[in-house]
Amino acid sequence: MNYELLTTENAPVKMWTKGVPVEADARQQLINTAKMPFIFKHIAVMPDVHLGKGSTIGSVIPTKGAIIPAAVGVDIGCGMNALRTALTAADLPENLAELRQAIETAVPHGRTTGRCKRDKGAWENPPVNVDAKWAELEAGYQWLTQKYPRFLNTNNYKHLGTLGTGNHFIEICLDESDQVWIMLHSGSRGIGNAIGTYFIDLAQKEMQETLETLPSRDLAYFMEGTEYFDDYLKAVAWAQLFASLNRDAMMENVVTALQSVMQKTVKQPQTLAMEEINCHHNYVQKELHFGEEIYVTRKGAVSARAGQYGIIPGSMGAKSFIVRGLGNEESFCSCSHGAGRVMSRTKAKKLFSVEDQIRATAHVECRKDAEVIDEIPMAYKDIDAVMAAQSDLVEVIYTLRQVVCVKG
């Protein structure tokens with residue numbers, strides 16, 4: 001048995017956390033969630049677990065007959081995309097700053113501060129590939145905004161194919177054989193945040209009379225068979241599609257940027273299914289487990305069915321992994337979505353300096369300023385320990401090291 005069993009007054013919690021730290025607040029948050037009467041069998045916890053807003057990051061929450069919107073959160077469909085290119089390290093330019101600049105030009109990122117009307121994190125004039133992907137989203141958007149007009153006043157179309165901020169990133173990486181990979185991390189951007197926030201608030205309002213009886217107000221839920229349950233599932237499915245297409249559009253534009261800098265073909269003919277991977281790690285969907293159809297919420301966790309490829313990034317100074325799932329049913333066929341934080345962003349900014357950031361990322365062409373100190377590698381768990389703790393969930397196919405990193 002490779003997991004720790006945490007017993008509660010209701011469902012148990014199975015934690016793949018051997019050799020990695022788990023803060024007491026995260027344990028209590030997991031216990032609170034496990035108290036809910038509709039938890040199916042047990043909660044599974046990944047080794048990158050840490051305290052989260054709404055629910056615990058690195059948790060897999062299986063439910064029957066209900067869904068907790070705050071467990072999915074506001075970064076709906078957040079996930080990873082990775083592409084193995086036809087390039088090798090020898091093809092990369094000596095000046096990697098030029099490459100980083102080309103990517104930053106190709107993909108809007110960051111957020112506007114102050115009184116500037118221009119949103120630097122959005123497109124002014126979206127390119128053709130964004131238009132094509134928006135066409136796949138338009139029917140769902142029409143339903144969403146007709147039923148909930150509040151979503152008309154959101155960043156949607158102009159956020160498609162954009163990176164965002166925080167821990168979202170685009171990286172150029174090398175594997176063990178010096179093959180070049182493109183890897184990126186983003187979600188459903190402004191519209192997903194708006195959908196998540198609205199339905200979390202709505203669930204709490206709907207349960208206003210009984211809210212105080214819950215272990216936490218963040219555990220407010222929609223019951224299956226109600227209108228809001230159905231609407232939430234439909235809205236979340238749309239946001240998850242937005243997130244997937246968002247990553248696809250960014251990947252296409254990064255490939256184009258690399259080709260313009262290097263004057264070489266970047267994308268090789270696809271011969272293996274795993275050569276391009278696009279996976280969510282913040283989402284909910286219906287799945288079959290232990291012979292029953294249930295709703296699985298992965299909050300900072302990746303699907304790892306037998307033979308399924310996934311992406312587990314480290315921090316901006318640590319290695320990352322392309323993995324293949326082992327289909328461990330006890331984890332609801334899941335694995336970690338990264339290394340996991342060992343401290344809050346606020347604490348990291350107080351504890352570390354720009355000089356620390358420069359030293360920790362000396363081998364990476366990336367931002368090294370005060371605004372990204374909260375993403376310093378030391379703010380995250382040891383990725384090797386995280387991988388060791390989930391050796392029965394996934395097998396490593398490629399180990400990547402980054403050479404260029406773009407942050408919002």
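Glycine too: its Cβ is placed from the backbone N, Cα and C atoms.
Look at Swiss-Prot and you will find D75, C78, H168 tagged as Mn(2+) 1 binding site. For C78, H185, H281, the entry in Swiss-Prot reads Mn(2+) 2 binding site, with the evidence type similarity to another entry. Among the features that Swiss-Prot reports, GMP binding site is placed at 167-171, 281-282, 313-316, S320, 337-340, K407, with the record citing similarity to another entry. As annotated by Swiss-Prot, active site, GMP-histidine intermediate applies to H337.
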Fewest C-beta neighbours within 10 angstroms among the binding-site residues H168, H185, H281, H337 belongs to H168
List the Cα distance (Å, whole number) between S315 (GMP binding site) and D75 (Mn(2+) 1 binding site).
19
What residues, ordered by sequence, lie under 8 A Cβ-to-Cβ from G340 (GMP binding site) and sit at least six positions away in the same chain?
V20, M46, P47, D48, V49, H50, I57, G58, G300, Y380, K381, V386
I want to check the contact list for N282 (GMP binding site): same chain, sequence separation of six or more, C-beta distance under 8 angstroms. What comes out?
V72, G73, D75, I76, G77, C78, G79, G187, R298, K299, G300, H337
Chain-internal residues, separated by at least six, CB under 8 A from N167 (GMP binding site):
H185, E375
So what sits near I170 (GMP binding site) in its own chain, CB-to-CB under 8 Å and at least six residues off in sequence?
I103, V107, H109, L163, I182, M183, L184, H185, M250, V254, C405, V406
Rounded to the nearest angstrom, how far is the Cα of H168 (Mn(2+) 1 binding site) from the Cα of H281 (Mn(2+) 2 binding site)?
13
Comparing the binding-site residues D75, C78, S315, which residue's C-beta has the most other C-beta atoms within 10 angstroms in this structure?
C78
Look up S315 (GMP binding site) in the DSSP assignment and report helix, strand or coil.
coil
